[in-house]
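Chemist: First the structure, which I've put down as structure tokens, then a few questions once you've had a look.
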Amino acid sequence: IPSRPVGGPCYLGKLTMLAPKHTDILKVLVNSSRTGIRRKRSTSHLDDTCSDEVQLWGPTARIFASILAPGVAAAQALREIERLACWSVKQANLTTSLLGDLLDDVTSIRHAVLQNRAAIDFLLLAHGHGCEDVAGMCCFNLSDQSESIQKKFQLMKEHVNKIGVDSDLIGSWLRGLFGGIGEWAVHLLKGLLLGLVVILLLVVCLPCLLQMLCGNRRKMINNSISYHTEYKKLQKACGQPESRIV
């Protein structure tokens, strides 16, 4: 609440409810995605130790899990997606390694072919013959696609690196929300969020716990009172014959 609600630098002239349309929200999101700076996320690449054993559920298991335990079905789907990503990364790494070895072999074969052709030309000239004396020796075409292969090879490596694991989801969300903040600010905000979550849990759960404790205490008191009352009744019932005999 400002110190000067009427007049002054903190004057509240008119209060209105903010109720933007769905199209307005989409326009703002599109403009922010176009003009905003892309922040670096805390992702780590999948290593060779990840599990790539994909075991998909059958139709019966999927139906029963979706009806009886949707959370288990969602967790299973996420786990299989992670394993599929690991399998894709390993396959891409093997493919790039294989193509790299094949490229090295092709390069060495090219050098060997050029050396053999130079040796043949030298021997023909040494014996006084030209290329026209042997059919097909005057025209020699050896295509060179090494530059294109290297570019595509590099693109494959870059695509493999696009698959990663977000190791700090909250930190990435805070960096995207507040812009270019430092790591110390991210850790501070994470600590504040954790403290806020703990306080909210205490606020939500503490009344329930207190109510349960009060209910148990009230029940114990009522039980003790009822036991005491029954004891008095039994004592009175046992004391009446004795008084008659006296």
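Cβ from N, Cα, C; glycine included.
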Chemist: If Swiss-Prot is the reference, give me the range from 143-173, 205-235 marked as coiled coil.
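Modeler: Spelled out, Swiss-Prot records coiled coil over residues 143-173, not the other listed ranges.
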Chemist: When you get a sec, could you say which of 58-78, 184-204 is annotated region 'Fusion peptide' by Swiss-Prot?
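Modeler: Going through 58-78, 184-204 one by one, Swiss-Prot gives region 'Fusion peptide' for 58-78.
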Chemist: Can you tell which of Cys138, Cys139 Swiss-Prot lists as bonded to Cys131 through a disulfide?
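Modeler: Cross-referencing Swiss-Prot, the cysteine bonded to Cys131 turns out to be Cys138.
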Chemist: Among Cys50, Cys138, the disulfide-bonded residues in question, whose Cβ has the most other Cβ atoms within 10 Å in this structure?
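Modeler: Output for this query is Cys50.
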Chemist: The region 'Immunosuppression' (114-130): which same-chain residues, six or more beyond its ends, come within Cβ distance under 8 Å?
Modeler: 137, 140, 142
Chemist: By a Cβ-Cβ criterion of under 8 Å, what residues six or more beyond either terminus of the region 'Fusion peptide' (58-78) are in contact with it?
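Modeler: Those are none; the list is empty.
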